[in-house]
Structure formats: C-alpha cells, structure tokens
Amino acid sequence: MFTIDFTDHTGEVNSEWYQQIDNLLTFAKKEEKIEDDAELSVTFVNKQEIQEINRDYRNKDKVTDVISFALEEDEPDIEGLDMPRVLGDIIICADVAKEQAEEYGHSFERELGFLALHGFLHLLGYDHMNEADEKEMFGRQKLILDNYGLTRD
C-alpha cells in the first residue's frame, strides 16, 4: 500500500491539502511505475523552519519553497525483508507556496501540487543541476500535472 505520512508544523493545514497531495502523488506513483508498497512523508513548515533546514542540511541560509530528502540514496539493499520502499521526506513551506501562487497567477492548490510533485520527483532521483536534467525533470513534471488535470489556469 502506498502511504503518505503528513505532519503540520504550521497549524494552518487542512485535510483538503492532505487529500489533494495524496491523490496527486498516488497518480504520479502510477505514472512513474513505482510499486504499491512504498511510503514517504510530507511536512508543512513556516519560513523560519525551512530556512533552518536549508541552512543546516544544504548550506543555503535562505528561505525556499520545497526541500526533499531521498532516503534511498546510498542505502544498501536488504534482501528478504518484507518492508515498504521508503522514498524519503518532502518539506513544503506553506507561506512560500501561497506567495508563489499569487506571484505566478494561479491557484494555491496548483502551487501546492506543483511543489509536492517536484519534491516527489527528487525522491525518485530526478534533478535539475544541469540543462539536460532540468529539461527531463521539468518535462516529466509538466506531463504528470497536465495528465492529472492540475494546470496553471
């Protein structure tokens, strides 16, 4: 079973956010052909907390919109254990998501979905450190969002 564990450090999250992200990432999981027995976490934080995480773990002392930590990187495979595949953690700054939705002229729901999917693709190994990787990741991101029906309109 695909499991997403949600945590809210802001006190502002509602169940609709959880459901939207759960539906989108379940759709993306199928699009990416990820096995059903997988899990990840999504945590909502404020600007101060995401800046601290960004500083402490990425050496970037600034606010950002989403950070993901893939738990599979450099992990040895353990054979014979019937355990779910743990993909990692996605951390979303709800305040920045609201600001970016307004700045880009689309709904908060679309921005939230975009950030959750962006973090999810990072957990699967996609990146945008060079032009070719960026083209692949952003193309995949757009295709999944379009197929799901979460457009910029």
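Cβ atoms are placed via backbone N, Cα and C, with glycine included.
Marked as Zn(2+) binding site by Swiss-Prot on the basis of sequence analysis: H118, H122, H128.
Within the set of binding-site residues (H118, H122, H128), the lowest number of other Cβ atoms found within 10 Å of a Cβ is recorded at H128. Taking the mean position of the Cβ atoms of H118, H122, H128 as the Zn(2+) site, the remaining same-chain residues with a Cβ inside 8 Å of that point are V66, S68, G119, L121, Y126, D127, M137, Q141.
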